[in-house]
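J.: My questions all concern the structure below.
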Amino acid sequence: MIYPIVPYGESILRQTAAPIELGTDLETLIESMFITMNAAKGLGLAAPQIGKSIQLFVVDVSPFVGDGMVQPDKHRKVYINPVLEIYQPNTITHYEEGCLSIPGIYVDVPRNKRVRIKFFDRNWQAQEEDLVDMPARVVQHEYDHLYGKLHIDYLRADRRLRLKSKLENIKQGRVEVAYKMSFTGNKV
């Protein structure tokens with residue numbers, strides 16, 4: 001199943017997602033999230049972006065892996081009830097990020113180059129990973145969604161003001177995208 005993406009302005013994107021009860025059957029939802037993410041040509045997708053306020057996100061960073069081989073089990077990841085740890089000291093890197101919920105708006109976001117994340121995988125096995133570079137960036141972006149933070153929140157006030165009309169157009173559903181979006185009217 002392909003879910004419609006929840007756009008900027010919907011209140012669910014500003015909420016803290018609820019932890020998921022250990023052992024909950026998520027397999028169908030997880031597969032649908034990967035299908036939805038791929039249909040929208042995304043690198044990651046958080047459950048709030050499909051209208052589910054739960055602590056779950058999926059990522060696929062295979063386009064950024066330089067080994068020449070796509071290894072689905074290695075690059076397609078599921079993160080349930082994640083806890084992100086930032087290494088100190090850490091190097092901050094900048095990169096222009098997009099977001100499926102805010103189409104057409106790209107923001108230079110400072111992120112930690114290296115992070116550690118503790119989570120449950122799709123089989124409810126506790127995991128811990130150290131991530132660097134693009135995988136670390138994608139995980140930080142999706143993790144932010146679980147706490148109501150969007151990539152535009154990293155903008156200076158003057159830059160955000162310049163984007164006000166574009167953001168309002170997205171909020172009102174006046175945006176063209178090649179994937180399904182859901183405009184429910186539950187605005188912030």
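Glycine too: its Cβ is placed from the backbone N, Cα and C atoms.
What you are looking at is a predicted structure, and each value in this text was computed from that prediction instead of being measured.
Pasting the feature list from Swiss-Prot:
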| type | residues | note |
| --- | --- | --- |
| ACT_SITE | Glu142 | active site |
| BINDING | Cys99, His141, His145 | Fe cation binding site |
J.: Compute the mean position of the Cβ atoms of Cys99, His141, His145, which form the recorded Fe cation site, and then list in sequence order the other residues of that chain whose Cβ is within 8 Å of it.
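T.: For the Fe cation site the neighbour list reads Gly44, Ala46, Gln49, Glu97, Leu100, Ser101, Glu142, Asp144, Leu150, His151.
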J.: Long-range same-chain neighbours of His145 (Fe cation binding site), Cβ under 8 Å, sequence gap at least 6?
T.: Leu13, Ala17, Ala46, Pro48, Gln49, Phe57
J.: Pop the Cα-Cα gap between the residue listed as 'active site' and Cys99 (Fe cation binding site) into the table, whole Å please.
T.: 10
J.: Glu142 (active site) has how many other Cβ neighbours within 10 Å of its own Cβ?
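T.: So the number of other Cβ atoms within 10 Å of Glu142 (active site) is 25.
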